[in-house]
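Annotated compositional bias 'Acidic residues' per TrEMBL: 344-355, in sequence order. For 334-355, the entry in TrEMBL reads region 'Disordered'. Sequence annotations record features per position, and here TrEMBL assigns transmembrane segment to 12-30, 57-79, 85-105, 112-131, 151-171, 178-202, 217-235, 247-267, 279-299.
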Amino acid sequence: MGGAGARRGFPLGLALALASSAFIGASFVLKKKGLLRLARRGRARPGHGGHAYLREWLWWAGLLCMGVGEAANFAAYAFAPATLVTPLGALSVLVSAVLSSVFLSEQLNVHGKVGCMLSILGSTVMVIHAPQEEEVSSLESMAEKLKDPGFIVFAVCVLVSSLLLIFVAGPRYGRSNVLVYVLVCSAIGSLSVSCVKGLGIALKELFAGKPVLKEPLGWVLLLCLVVCISVQINYLNKALDIFNTSVVTPVYYVLFTTAVMTCSAILFKEWQHMVLDNVVGTISGFLTIVCGIFLLHAFRDVAFAPDLLPLFLQPRRAELHAAWRSGDRHRACQHRPLLPAEDKGEEEDEEEEDV
């Protein structure tokens, strides 16, 4: 019965995850649009300590979209596996890039368009092959999963490695290596997603009329979630302050999603009943999304000139090639002039001047 209920909730979880990406992607564009309007009016920008954006309705619309998107993402974890919900978060980057090119006149080059198509393709593959059966449907089963020795070892490794990165590697390599702070965010983020999953299940039981508020596990998960998110925000902001956004974003997505998928495989056993082709399909879809996000961000500011295309794809070369094919189709190679007509005329004029 639990598996059947989980399969019925899978489409709802998928729809919530997709809606979350759409709202979050649109929120970035609305906020940016509002800030640009303030800049045109000559108001002080947030980077210079100004707070005029609080009187801009577009900025508030973006904040509202962000809230709706995060709420939909939170609810999606209660109905769909984390292995599916987390990678689909990459679609918010795609939505933001497409809407920015339409409403903010930001150029989306060839690399970005290919990256968008790869992200859509990878997301489709993941949806087809992702696990659809939930192993956790109540707080009681969640408590049993948290006592699993495999998850305890994983959680201890995450905490120890995060502490080493923060207190040992951070002071030495934090400002020169992007992986230090991003690894902290990703490792702690895998635990925060587990907390979100448990709280989503608790809310679902609360709406069903069960006395969830009396259960200490729900409050422990809430406390852990607040701590994990605080650590994530702190070290993600440090990484963004030191390194370029186009570098931090794809690296963070890859490491964070990999950590979440590993944690889900250990804690929720989401991969336990998957056949080999679904495992390969899920991993292939994830790697396709990674390639798409990399192309979308890494080459965002690279100008793509027509000269970089192969010769047969360059417009000017194609026109010359078509003219050559139509004009000289019936002539043998040995009877064709070595120089174009204009160059040949210029050469004859030079010979007459020499004489």
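Each residue, glycine too, has its Cβ placed from N, Cα and C.
Those TrEMBL annotations? Automatic predictions, nothing curated.
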| field | Top Cβ-contact partner of the transmembrane segment (112-131) among 85-105, 151-171, 178-202, 247-267, 279-299 (pairs under 8 Å) | value | 279-299
| query | Are there residues at least 6 beyond the ends of the transmembrane segment (151-171) whose Cβ is under 8 Å from a Cβ of it, and what are they? | reply | 145, 180-181, 183-184, 187-188, 190-191, 231, 235, 259, 262-263, 266-267
| message | Is it true that the transmembrane segment (12-30) and the transmembrane segment (178-202) have 3 or more CB pairs under 8 Å, sequence gap of 6 or more? | response | no
| task | Report, as numbers and ranges, which residues of the same chain sit near the transmembrane segment (247-267): CB under 8 Å and 6 or more residues beyond its ends. | result | 81-83, 86-87, 89-90, 93, 145-146, 148, 150-151, 154, 158, 178-179, 182-183, 185-187, 189-191, 193-194, 236, 239-240, 286, 290, 293-294, 296-298
| remark: Tertiary contacts of the transmembrane segment (57-79), defined by C-beta under 8 angstroms and 6+ residue spacing from its ends, are 9-10, 12-14, 16-17, 19-24, 26-35, 37, 85, 89, 92, 193, 196-197, 199-201, 203-204
